[in-house]
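Working notes for the structure below.
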């Protein structure tokens, strides 16, 4: 089956197109989208196994040989990300079925989520820089629809800013691709990497590198470009927020990883120093936000920004340890952020508000939710043996190995901030004086808890079974450290 | 709104729109080996429909052409995706097309290409999307 | 020709930035449209404005234009067309709901305290 890397893109695409034929038939929409998500998970699990066995898999679309056609390239990193994305989409869909009301669902909700999945999986898999732009647009346009769906005042107001920021960054993306194409005359990422090496003009390449850093930084919310994120992510309903928070910024990070390891590595690390400094500033800004707010959504949203900083720091040090930690932490963060958003969503459903002053003593009526959240919070902060620990350990070790003192220390301190901010929700929300709650969706709490708890279980398994996961991560790091592996796999014919 | 009297526009449109549609179909088939194709053909057909929409109104248009353009988009996408996915059955890379030469009565030896199926999908998608956009913006006013 | 086009790209970007920084929503949208046009033109210009026949294999033609930039620009234009249409409808809805198109009055969220 040579089309295997394509399946995680094709399955949701076909399903979304079929669902477009009867958007108002909610029961069918629910069933088909859940089945599709499961099928996508199976396909991506098979893909991971195949990549483990055979190394990097490529498909040259339309049988046009590389570097002329568009290749889809599944290395271990992209296969793992595709698998994680599909898993998260399944559980968020499950949650959304209970959470959303019928009218909301009938406005192309499931179709947008599936197109989002298509765009994300495509962006993770493609080996062509312009095709990356196209897949970025696919998931962005779905996200525009998801963020505005529901049409509340705040949502409309915030979605305008979200759309505006992303339209601008898309235009910059096109401009960056234009410069890159002018310099190297190719769009195939492996071919670009080769030609950049042959070109040996670090100056212009650094400029293009910064350009790409701005574009992907806007998506990934790194330091000066994160400003749009808290406001925009606060607006949409919880299932959409969980999807955005868990997945969208991570594509930016993935794109930075991919382009920086393939294109911008020859200039003596100038771009990487910039990236490292920005990553640390991102951690600081995120920490300040997470400490300052008492709104549960906002606290977790600022935790996204901290995580982005931590992962990018691991990428910026560019040691095998740092990169391994970054990938470990990236996968962990996707799962745990989705789970925490879903859990916080249950708290909001019970209390009917997102502010901590309206919560307290929930542990009496909802002990299971409380303890699930507790485990999630510990895992987020990186308490061993939970999943955040190994990633952070490796990143910190990588930082020290690279001779940096400040970075690893800052990251360790930020863990304390993360722990404090996440525990703030626990102590204020679950402990304290019990009170009566009148949230409109409080009766759904147990049903909503199941998918969230399942995600937490996956996170625990990921942390405890780190020994089993490690070979996969090591394989994912190889092409990042040594681009020649990636280049040879794509241009082999 | 006051009903305006666009006799000239309406009369001209009646003739012109058919010419545009015919030309767009010509462009669609021209795309086989020369510039043209589903995208530009679809765009031109949509232009003809928009011209009709401008000179008449949405209600009349819905009476003449009772299409659900959203569904048209979906069907177009389905055709396009399935054509591309047909390659999966033969275990060749996605999007790989097949073509051959056939003797067809009246036309003589003609080359038939699966890319035409894909282009039909594109054609429908372009018409569907354009008309959906125009109608959505138009209706809200 | 490339030189002239670069200047035009510069002018388009300048106007776009000016418009995006204004308060009125509709000006901002026009700004994004101009920004899109600027980057599309940049893409065409940067990849070299070669003269040549359409890139379709035919007899007696030796010089072909580079087909790739055209394909890229077409894709980018279609995407920005769709996004602009969505943005316009969104702006119109927001204007109806919020009763203003002034970005000054669309600040913050009500839950930030």
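Every residue, even glycine, has its Cβ placed from backbone N, Cα and C.
Averaged over the domain 'Na+/H+ antiporter MnhB subunit-related protein' (B:8-132), the predicted model has a pLDDT of 88. Annotation source TrEMBL lists domain 'Na+/H+ antiporter MnhB subunit-related protein' at B:8-132.
The transmembrane segment annotation in TrEMBL covers B:12-30 (among others).
Among the features that TrEMBL reports, transmembrane segment is placed at B:36-54 (among others).
Positions annotated as transmembrane segment by TrEMBL: B:75-95 (among others). Sequence-distant contacts of the transmembrane segment (B:75-95) (same chain, at least 6 residues past either end, Cβ-Cβ under 8 Å): 114, 117-118, 120-128.
Annotation source TrEMBL lists transmembrane segment at B:115-134 (among others).
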Worksheet item: What is the three-state DSSP composition of the domain 'Na+/H+ antiporter MnhB subunit-related protein' (B:8-132), stated as helix, strand and coil residue counts?
Response: 87 helix, 12 strand, 26 coil
